[in-house]
Amino acid sequence: MVLETVPAEYYLVLSAAVFCIGLFGILTRRNALVFLMSVELLLNAANVNLVAFAFYWGNVTGQTFALFVIALAAAEVAVGIGIVLVVHRNFDDVDVTNATTLKW
Amino acid sequence: MVTMANEWLLLSPAAAFVLAALALFVIDAFAPEDADGGLLAAVAAVGGIAALSASGVLLLSGVAADGVELFGGQLVVDGMSLLFTFIFGSVTALVSVASVDYIRELPHKAEYYLLVTLAATGMSLLASANSLAVVFVALELSSLPSYALVAYLKRNRGSVEGALKYFLVGALSSGIMVYGISLVYAATGSLLLSDVASALGGASADYPGVLGVGLLMIVGGLAFKTASVPFHFWAPDAYEGAPAPVAAFLSSASKAAGFVVAFRVLVVGFPIGTIAGTLDWVLLFQVLAVVTMTLGNFAAATQENVKRMLAYSSIGHAGYALIGLAALTNAGGPGAEATVLGASMLHLFVYGFMNTGAFLFVALVEHWELGRTFEDYNGLGREAPVACVAMTVFVFSLAGLPVGGGFLSKYFLFAGAVGAGVPWLALVGAVNSALSLYYYSRVVKAMWIEPPAEPLGIERYPTALYAAVLTAAVVTVLLLPGLVVFDGIAFEAAASLF
Amino acid sequence: MLIEALVVSCLLGAAIVFFTPDRYAPKLAFGLSVPPLVLSLYAYVAFDGSGNALLGGEIAYETFAEWLQLGPYAVNYHVGLDGISLPLVVLSTVLTTLSILSAWTPIDDRQSEFYGLVLLLEGSLIGVFAALDFLLWFVFWEAVLIPMYLLIGVWGGPRRKYAAIKFFVYTNIASLVMFVGFFALIFGLGDAVSSTGMPAIAEALRAGQLGYLGTPTVGVPPDTLAIAAFLAMFVGFAVKVPVVPFHTWLPDAHVEAPTPASVLLAGVLLKMGTYALLRFNFTMLPEQAATLAVPIAAIAVISIIYGALLALAQQDLKRVVAYSSVSSMGYVILGLVAYTVYGVGGATFQMVAHGLISGLLFMTVGVFYNATHTRMIGDMSGLASKMPATATVFVAGAFGYMGLPLMAGFMAELFVFIGAFESTVLPAAPVFTAIAMFGIVIVAGYLLWAMQRSLFGPFELETDYELGRAPVHDIAPIVTLVVLIVALGVAPDLIFEMIRDATLDVVEFGFGGGS
Amino acid sequence: MALIYELTPAIVFLPLASFALALFFGRWMPKKGAVAGILATAGALGLSVVTLGWLLLSGEVHDQTWYTLVDAEMGVDLAFGILIDQLSAAMLVIVSLIAFLVHVFSLGYMNDEGEPGLPRYYAGLGLFTASMLAFVMADNLFMAFVFFELVGLCSYLLIGHWFTEDAPPSAAKKAFLVTRFGDYFFLVGVVGVLVTFGTAGFAGSEGFPALAESALAGETSVNTFGLSTEGWFSVLGLLVLGGVLGKSAQFPFHTWLPDAMEGPTPVSALIHAATMVAAGVYLVARMYGFYALLPTVLGIIAFVGGFTALFAATMAVVKNEIKQVLAYSTISQYGYMMLALGAGGYVAAFFHLTTHAIFKALLFLGAGSVIIAMHHEEDMWEMGGLKSEMRTTYLTFLAGSLALAGIFPFSGFWSKDEVLFETLVHALGGSPLLFGAYAMGITAVFLTGFYTIRMVMLTFHGDPRSETAEDPHSVGWNVKFPLSVLGVLAVVAGALNPVPIEMLTGAEVDFLHDYLYATPEALLTGAEHYSSLSSYGSGAIAGGEIGTMLVNAGLSFGLAVAGAGLAFGLYRGGSPARHTERLGRVQTLLMHNYYQDEYQVWLAEGFTVRLAAAADTFDQGVIDGTVNAVSSVSRSAGARIRQIQSGVVTNYAALVVLSLLALLVVFAILGGWF
């Protein structure tokens with residue numbers, strides 16, 4: 001198959017790239033929803049590694065765990081959206097930098 | 001040979017939480033609007049008490065003295081896990097009881113207690129997690145309800161904002177952690193801590209970078225859970241914004257959960273002997289410990305808001321507890337590692353009571369709607385002497401004065417650090433501790449020394465809150481002589497990890 | 001069980017007083033302070049100990065019970081008395097009872113809390129002097145801070161909050177440093193000791209069993225460890241004593257504290273520091289003490305002279321007494337470092353003597369303050385004509401402080417001087433002694449000057465208050481103290497005999513302990 | 001042991017009891033405690049006389065520890081003991097006699113004048129007497145120091161008796177401080193002696209003088225702290241001497257004595273004649289066995305004595321208050337005693353101590369009676385012509401004055417003459433340095449004669465210079481009785497030891513000499529033993545001892561008469577002029593006591609107090625400043641640190657990521673990844 005020809009390092013690079021994009025989004029975007037999406041990227045970057053190296057090591061641990069991660073990602077988003085909603089209700093916006101009543 | 005029966009027996013503490021959660025589901029399904037939530041609170045409290053008594057029995061019976069692996073090693077039940085489950089159980093019980101008065105007028109009580117018990121379940125799993133996969137799942141299981149709990153007062157800007165920050169930083173951290181886990185998996189090909197440990201030798205030779213980055217990121221995720229610098233930013237805001245009982249729950253139980261998993265992951269999964277060449281995490285934790293305790297205490301020193309002061313002080317205490325990991329150099333004499341690690345566990349144990357009590361006292365004051373600043377506490381000692389004596393016990397015990405177990409546990413920790421060959425770490429802790437005395441005594445000063453600005457006008461004394469506060473106080477005091485019940489357990493539990 | 005009875009009776013009394021209405025608290029507190037007093041006097045009469053409790057002497061009223069396990073070390077409940085600690089226990093009970101009596105007039109707010117805290121303080125103090133296990137001792141040592149902090153903070157003068165927190169934090173950080181230093185020693189001993197018991201540690205250290213802290217490869221070598229620990233502990237205790245330059249918390253605390261608190265602070269709390277120095281530094285690490293003899297003696301001499309000079313510069317009578325306490329504590333340090341029976345024994349005797357005399361002076365100043373509502377020397381003069389009895393005892397106390405023969409202070413200072421003069425450990429001992437002795441001239445200077453300006457001359461008073469004779473319950477404790485001071489001055493062997501007996505083993509260490 | 005020695009402690013305890021009685025019950029006692037005091041001192045006097053008598057008859061001395069404060073098992077022992085030998089027995093009589101008379105006199109001076117605080121006064125007198133008597137019978141240096149200090153305390157209390165005025169408390173403070181300064185050296189000396197010899201006993205082969213003797217002889221060795229044996233002993237001797245100079249008001253510690261005149265006059269009499277000031281000289285005599293070993297120290301003593309004698313006499317010349325004149329005369333006379341001791345005239349010194357005690361007490365009491373009469377006016381220029389009004393006082397006072405002036409045949413002549421004679425003889429005997437001391441002493445004789453007679457003339461002769469002087473207040477028996485007793489003694493006391501007569505006639509009349517030589521050898525405290533120790537040789541001029549004696553006697557008598565005559569001539573007549581003003585600058589200098597007080601006051605207040613103030617500033621500013629700085633710095637640091645928590649969640653995220661990256665980089669380098 002094609003996988004044999006692709007060295008493991010490539011997957012690392014790919015996942016790292018995805019991870020960095022996610023981080024970039026978190027650091028630059030002020031919209032809570034974009035923030036959530038960026039977090040998804042982080043998780044999926046991890047998934048890439050897990051799946052790839054599950055193949056590399058020839059055990060299913062990684063793939064199984066990837067499924068867990070996907071599920072948890074969904075749960076996280078569910079809670080996240082809920083919080084974003086109440087934020088919007090209280091601060092009339094989903095800009096995460098608005099809420100600054102608590103500081104120092 | 002562990003039979004099926006004892007396996008479930010060993011999981012009974014976690015099961016207690018689960019059952020309580022299920023019971024709450026059922027009750028909510030059949031009696032959606034329980035007026036004052038007394039029943040719900042009772043169920044949650046019973047769950048907590050059941051968990052703590054179960055773990056207590058198991059501890060004393062010693063069946064799990066040298067660790068029992070379950071589900072193919074995914075979970076392990078040993079002294080440490082039981083000790084911490086004991087903490088989770090007691091904190092859950094205290095918080096549930098205290099919440100009765102706190103959320104009496106609010107809707108969605110069932111969900112509140114449900115989230116508390118579920119979070120507790122996650123924590124008890126964390127205490128037993130023996131594989132990075134379980135670690136991550138349990139971590140999320142305890143975190144997600146916590147986010148929601150912080151946002152419980154959904155019409156209160158502080159509560160919502162705290163939740164938002166907690167959630168966003170939490171999401172980021174879990175992202176970082178899971179990526180770290182994936183890297184460790186990439187390097188070692190396993191998620192089971194024992195296998196990871198055995199694979200380290202080769203991995204650190206072949207992919208030191210992958211392994212190192214991975215471990216560092218895992219540590220980052222743990223640091224978030226334990227509210228250690230630099231992943232602490234959520235803590236002050238979340239604690240201040242959250243409902244006081246929730247703040248108590250997070251700052252005591254959730255923090256302890258973070259530490260128990262950190263202890264296990266690092267000591268069992270990444271023994272410093274083999275990985276020191278790649279990532280000297282002892283050095284890493286020395287940095288984290290010093291920065292954390294210093295930042296926490298110094299920032300707490302100048303707060304105007306008691307709740308926020310407690311939040312920062314809990315960061316400071318995270319710093320103390322980190323000494324348990326930061327002192328695991330091989331510079332100490334024989335058994336020095338076990339001593340300092342056990343001391344750290346003991347401190348978290350006592351901390352569970354005294355810190356919960358302190359936050360619950362804040363809940364009491366919020367309940368009286370007196371305000372949150374030190375000035376608002378002026379003269380409280382004459383209006384509510386009993387509660388204020390309790391609060392005095394909490395803060396002095398937190399400061400390490402001999403009114404409660406906090407004194408012994410803190411000094412055990414410092415002594416352990418000295419014994420482990422890092423006396424300078426103990427000295428840093430000592431200086432911080434002295435500074436903490438300054439801001440803790442500000443509370444006492446406000447309550448007992450300052451006269452009230454105007455009559456406080458306290459008319460009702462909520463029974464449940466009082467009960468919770470006083471229980472915490474009594475336990476804290478009793479832990480000074482009574483630490484003898486737990487110290488042996490803690491040191492043995494620590495020793496069995498190595 | 002006698003010590004337990006002592007401590008418990010104090011704590012029980014405290015609890016009872018806390019819950020009595022203010023109206024009855026003073027008299028009740030006095031009544032409840034009598035049982036500990038009687039018990040301690042019985043302990044004195046029935047004392048059958050001999051030798052030093054830490055160095056294999058016969059410990060009196062000993063109790064032992066297993067308690068905690070700190071890693072490899074057992075932390076036990078171990079208490080007992082010897083010739084050094086017993087006089088200090090009696091001092092604590094006596095002064096507590098008297099200070100409660102002296103509090104009747106000045107304390108008119110939240111009495112039950114006040115007297116409860118005083119009894120709590122008494123219990124902790126007795127614990128400090130009786131404990132023979134380090135961690136148990138440390139529990140009491142730190143416990144003392146809380147009641148004193150509140151006594152100063154709640155019932156103190158205008159700057160009470162500043163003074164209280166300063167006292168609280170300063171002494172606390174000192175104890176922390178000391179703690180780290182001492183535990184470095186324990187772990188340095190390794191397997192040589194199996195518990196944190198002070199006798200075991202003392203024996204092991206004097207037997208030279210100190211090893212590396214940690215492992216020989218990366219650990220701290222024994223000599224460095226011993227010196228470092230000695231310094232850490234010395235600094236820790238020096239703050240409590242206090243010796244220059246760690247003394248500045250003391251005048252603030254004294255000036256702000258209410259009279260009874262000052263009495264206990266100067267009378268007993270300062271002695272905790274010197275007691276600990278004797279028990280830990282000078283009993284456990286004699287070689288290091290000998291090595292550092294010259295700097296320590298220098299500090300002592302500086303404390304004596306510098307403290308006396310500061311007292312000379314003060315206008316506030318309480319500050320005068322406070323600084324002179326710094327000076328007097330210097331004698332104790334000098335006596336300790338001498339490592340002679342007369343030196344160390346004299347130092348211990350001075351602890352008791354100074355406890356009584358400073359208590360006497362603070363009480364008298366308090367009585368004047370109750371009447372005049374000022375302590376400024378400039379504000380008053382000729383008080384003697386209005387308050388003859390009080391003036392008389394003040395003069396008596398002042399001369400006691402100046403070391404008038406046949407009073408306790410003189411004997412104490414003479415013992416210290418003889419001991420220091422003949423010291424073989426301290427180089428140039430006679431010179432140090434002679435300089436230190438000049439303190440007796442300065443102390444006479446400022447006390448006579450203060451008396452001349454405040455007591456004598458034509459009567460004047462800036463604050464317009466009606467001066468009457470002081471009530472009996474103000475004078476009675478003061479007179480009692482005068483009697484005790486003279487008694488100890490005429491018959492020092494009342495306590496000096498047991499003190500010397502407990503001191504012998506301390507000074508018998510390689511360097512023959514003088515005469 | 002003789003019964004009497006069982007009772008000797010009572011000599012101390014009787015006055016002590018009167019002290020306690022007067023202090024606590026004086027208010028309700030007859031004469032406010034005076035009676036108790038009189039009875040007590042009478043009893044003490046009686047016992048002392050009996051003791052002396054027994055000693056004379058049986059020759060049995062007594063040296064025994066009476067009470068042990070700290071026993072010797074673990075070091076030097078501190079004990080009270082009683083040493084009754086010829087010296088102390090005689091001194092006991094003198095002290096108790098003067099004390100008794102002073103008590104009686106006080107009836108007239110204090111009670112009859114209705115002074116306030118009488119119980120306190122009599123308590124003070126009682127304690128004063130008790131302390132001095134205990135000091136006299138002390139058998140070791142430690143005990144001596146103890147009661148030496150108590151004497152100082154009593155002088156403080158009595159000088160400051162009228163404490164509601166400004167001057168007396170100040171004078172009392174000065175007296176105590178100055179003597180305390182001397183006692184500082186004394187205490188160092190006591191400690192030194194205790195440590196060096198392990199004992200402080202005066203007498204016997206176990207006493208420290210004996211030990212010192214054997215150590216000097218090289219028979220035994222003691223710890224001399226790196227100095228030569230004699231050097232160290234000299235240091236010790238000088239240290240103890242510090243206390244002596246302070247109490248005996250010798251230069252430069254003499255400044256307190258004139259101020260002490262602020263106290264009641266009977267107290268001055270007690271202080272000057274028999275107790276405090278005498279204590280110093282007595283101490284030297286007591287431990288003369290030690291000093292006799294140290295020629296250097298003896299020389300210093302002699303010089304200080306001679307100088308003080310002259311120095312004080314010059315100041316007495318110009319004083320206008322009667323008590324001031326007497327005060328300076330006291331200083332001067334004790335200078336003579338020190339001179340005698342330093343010059344090896346042990347007997348002479350004690351002789352002069354005895355006679356001086358008598359006539360100085362007499363003079364003070366006389367002055368007291370005059371002051372009563374003058375309604376507490378002390379300026380002699382306000383007096384005059386009193387001799388007609390107050391006969392007894394005049395006659396007795398005159399007797400005392402002539403004795404003081406050293407006019408033949410009054411007691412003072414004999415003693416002073418013997419002092420000078422001894423000095424001269426030993427000076428001739430190869431100690432030329434003593435000539436200087438002698439010269440000063442002999443010059444002082446002239447001045448003594450002058451100021452004494454000047455005082456008498458101004459007080460009693462001429463015309464009254466004020467209303468009160470014209471109609472003086474009359475005095476009662478309780479004043480006249482003591483005066484008469486002392487007056488008689490002042491005339492005849494010379495008969496105790498008229499050495500010149502013995503030399504001329506060969507009659508064995510040097511009773512005091514024989515008496516002091518009679519001390520048993522075992523005690524090693526006898527004059528005979530001392531003379532054996534003395535390193536002084538004896539020489540003679542004008543053909544042998546008698547010649548020397550005649551020269552010296554003639555010289556001193558002549559000078560005394562000359563001085564007296566000059567004063568008589570100048571201040572004769574109805575209204576004498578203030579002749580001393582002719583001295584001009586010198587007078588101002590003398591009036592200001594050579595500015596001795598000024599520099600001492602500067603030392604005390606100008607220097608020490610300023611130093612203290614500087615120390616206080618340093619303490620508050622630097623030391624306490626540092627403490628406060630630390631706390632404020634940490635608090636502001638806290639205020640800074642909390643600023644990191646900006647409240648903007650994206651900043652949090654950024655900080656998290658950045659710090660993680662930082663850690664990554666650091667540990668990547670440490671771990672050697674990539």
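From the backbone N, Cα and C atoms, a Cβ is placed for every residue, glycine too.
Look at TrEMBL and you will find C:6-21 (among others) tagged as transmembrane segment.
The annotation transmembrane segment is assigned in TrEMBL to C:28-47 (among others).
Listed as Cβ neighbours of the transmembrane segment (C:84-107) (distance under 8 Å, sequence separation of 6 or more from its ends, same chain) are residues 6, 26, 29-30, 33-34, 36-37, 39-41, 43-44, 47, 49, 52-53, 60, 114-115, 118-119, 121-122, 125-126, 129-130, 155, 258-261, 263-264, 267-268, 271, 275, 278-279, 348, 351-352, 355-356, 359, 363, 366-367, 369-370, 471, 473-474, 476-478, 480-481, 484, 495, 498-499, 502-503. Summarising the annotation, TrEMBL assigns transmembrane segment to C:84-107 (among others).
Here the transmembrane segment (C:114-132) has Cβ contacts under 8 Å with residues 3, 6-8, 10-11, 13-15, 17-18, 25-26, 28-29, 32-33, 36, 40, 53-54, 59, 61-62, 78-81, 85, 88-89, 92-93, 96, 99-100, 103, 107, 139-141, 143-144, 146-148, 150-151, 154-155, 197-199, 260, 264, 268-269, 272, 275 of the same chain, all six or more residues outside its ends. The transmembrane segment annotation in TrEMBL covers C:114-132 (among others).
Positions annotated as domain 'NADH:quinone oxidoreductase/Mrp antiporter transmembrane' by TrEMBL: C:131-427.
What TrEMBL records for C:138-155 (among others) is transmembrane segment.
For C:167-189 (among others), the entry in TrEMBL reads transmembrane segment.
Summarising the annotation, TrEMBL assigns transmembrane segment to C:225-250 (among others). Outside the transmembrane segment (C:225-250) by six or more residues, the chain places 163, 166-167, 170-171, 173-182, 184-185, 188, 205, 210, 212-213, 269-270, 272-274, 276-277, 280-281, 285, 287-289, 291-292, 296, 299-300, 302-303, 306-307, 322-323, 325-326, 329-330, 332-333 with a CB less than 8 A from a CB of the stretch.
As annotated by TrEMBL, transmembrane segment applies to C:320-342 (among others).
TrEMBL lists C:348-371 (among others) with the feature transmembrane segment.
Per TrEMBL, the feature transmembrane segment maps to C:392-421 (among others).
The transmembrane segment feature in TrEMBL is assigned to C:427-449 (among others). Counting residues 6+ beyond its ends, the transmembrane segment (C:427-449) has Cβ neighbours under 8 Å at 293-294, 297-298, 300-301, 304-305, 308-309, 311-312, 314, 320, 324, 327, 330-331, 334, 338, 398, 401-403, 413, 417, 420-421 in the same chain.
Annotated transmembrane segment per TrEMBL: C:470-491 (among others), in sequence order.
Contact check: the transmembrane segment (C:470-491) against the transmembrane segment (C:348-371) gives at least three Cβ pairs closer than 8 Å, residues 6 or more apart, which meets the contact criterion. With a cut-off of 8 Å between Cβ atoms, the residues of this chain six or more beyond the transmembrane segment (C:138-155) that come close are 107, 109-110, 113-114, 117-118, 120-121, 124-125, 127-128, 131, 161, 163-165, 167-168, 171-172, 175, 179, 253, 256-258, 260-261, 264-265, 269, 272, 276.
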